[in-house]
Amino acid sequence: MLLIKNGRVMDPKSGLDQVCDVLVQDGKIIKIASEITEEGAETIDATGLVVAPGLVDIHVHFREPGQTHKEDIHTGALAAAAGGFTTVVMMANTSPTISDVETLQAVLQSAAKEKINVKTVATITKNFNGKNLTDFKALLEAGAVGFSDDGIPLESSKIVKEAMEEAKKLNTFISLHEEDPGLNGVLGFNENIAREHFHICGATGVAEYAMMARDVMIAYATKAHVHIQHLSKEESVKVVEFAQGLGAEVTAEVAPQHFSKTEALLLTQGSNAKMNPPLRLESDRRAVIEGLKSGVITVIATDHAPHHVDEKNVEDITKAPSGMTGLETSLSLSLTYLVEAGELSLMELLEKMTYNPAKLYNFEAGYLAENGPADITIFDAKADRFVDSHFASKAANSPFIGETLKGQVKYTICKGQIVYQA
C-alpha cells in the first residue's frame, strides 16, 4: 500500500482541487479523502506539492527498432517517468517502420517490459511509401492505438481520403504531420530566419497551413476524425478553428517548444533548436497559446525526438537532423510559459497534459478517482529548476539546457509503483 499525504490533489476530469490524501493498492486508487490513516503503508509526504494524474504524451519517438543509438524503448520510458509521464504513444518512423503486424508485435513485446504504459501507432502507408495503406484492421487487432506517418507528410490527397475512410470504418483516427514538400525549402529553419541569417529558403508557413486546410476539409467531407500534429503557425490555429466551426471532427496538439520560444533560438542554440516544424515568430507563439486558451488546441504533446550528439554536432547545420528531446522538460516549460505567465490555470494545463490526450485515444488514464488507475505525478509547481545536460534519455539534444524553469517532478507513480523519484 502507498499513502500520499497532504498534497494538493488535482483532477481535471472531476474538477477536484483540494488538499487531501490518496491511498493506493494493487495498481488502483482505493481512497481519496481529507484524512487517511493506514498502518504499515509506505507514505509520501506531499505537503506543498501537486498530486495530479500521470501525464500522457501522445507523440514520442523512441527510435526502436533500427535507430537505438539515439534512444530505445527502455531509455525513452525512463525519460518519460523522469518527466512525470505514465503513458506515452510512440510514432512509427522507425527502421523498419511499424507497418506490419510482425514489427508491431516485436515493438509491443519490448514496450511491455517497461514500468510505464508504452503504446504505439502504426504507419498509415506501407513503409512510409505514401501510396499503399497498411492493414488498419489487422494492426489495430494486434495492438496499435492509431495511425500516423509522422515525419513524412502525405502528399496524395487520394491516400488521405482513403485513410480517413478506413479509419472511420474502424472507429479510429489518423494523425497527420502537415508540411507540404512542394511548398517548402530546407526543413527546420523558419522562412524568415532562413532568409535573413542563413541565406537559404527555409520551412514556410504556407507549407503547413495549406496542407492542413486540404486535410481538415477532407475530414469534413468524409466525416472522419483527423488529428493535427505539432501545429506551429497562427494561420494553422485559424484553419483548425474554421474546420471545427463547420462541424468537422478535427483535434490538434502543440509542442511545448512552439509556445515557449521563437526562431531566434537557432542563433544561440544552433542545431539543438532545429526541428520540424521549426520554431516560428512571436506572433505564432502567441497564436498557439491563444489556441490552447480557447480550446481549439486540446492537447500538449512533446514530439520527443532524440538524436545522438555526433549527428547534431555537424559543421553544416542544414545537414543536422531535426528534433529535440522533450519528455524531461515538457512540464517545466508548460508551467513556466503558460501557468507562471498567466495564460492558463494549473488545472487547464493539466487537462491538456492528462485528461484530453487520454480521452483522444480512450485510454484508461488521465484522471484521479477511487477505483481508477494509480498513475500519478507529484510535482512542485513553484520550484526553480536549472536544466542541465544530465537526462534519463540517451540524448541531450535540448535547446533548453542552461535555462532556469519552473516546476520539478518529485515522484512518478505508475500502476501503483514508484517509477521515478527525484
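In case you wondered, yes, glycine gets a Cβ from its N, Cα and C as well.
Taken verbatim from Swiss-Prot:
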type	residues	note
BINDING	HIS59, HIS61, ASP150, ASP303	Zn(2+) 1 binding site
BINDING	HIS61, PHE62, ARG63, ASN93, ASN276, HIS307	substrate binding site
BINDING	ASP150, HIS177, HIS230	Zn(2+) 2 binding site
ACT_SITE	ASP303	active site
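Looking at PHE62 (substrate binding site) and ASP303 (Zn(2+) 1 binding site), their Cα atoms lie 10 Å from each other. Across HIS61, PHE62, ARG63, ASN93, ASN276, HIS307, which the record gives as binding substrate, the greatest C-alpha separation is 17 Å. Checking each of the binding-site residues ASN93, HIS177, HIS230, ASN276, HIS307 against HIS59 (Zn(2+) 1 binding site) by C-alpha distance, the shortest gap belongs to HIS230.
Taking all protein chains in view, 27 other C-beta atoms sit within 10 angstroms of the C-beta of ASP303 (Zn(2+) 1 binding site).
Counting in whole angstrom, ASN276 (substrate binding site) lies 10 from ASP150 (Zn(2+) 1 binding site) by their C-alpha atoms. Each residue contributes its Cα atom, and for HIS177 (Zn(2+) 2 binding site) and ASP303 (Zn(2+) 1 binding site) those atoms are 11 Å apart. For HIS307 (substrate binding site), the nearest of the binding-site residues HIS61, ASP150, HIS230 in terms of C-alpha separation is HIS61.
The two recorded residues HIS61 (Zn(2+) 1 binding site) and ASN93 (substrate binding site) have their Cα atoms spaced 8 Å from each other. Cα-Cα distance from ASP303 (Zn(2+) 1 binding site) to ASN93 (substrate binding site): 12 Å (rounded to the nearest whole number). A strand conformation is recorded for HIS59 (Zn(2+) 1 binding site) in the three-state DSSP classification.
Other residues of the same chain near the Zn(2+) 1 site, with their Cβ within 8 Å of the Cβ centroid of HIS59, HIS61, ASP150, ASP303, are VAL60, MET91, GLY151, GLN229, HIS230, ALA301, THR302, HIS304, ALA305. Each of HIS59, MET91, SER148, GLY151, SER175, LEU176, GLU178, GLN229, ASN276, ASP303 belongs to the same chain as ASP150, HIS177, HIS230, is absent from that list, and has a C-beta within 8 angstroms of the C-beta centroid marking the Zn(2+) 2 site.
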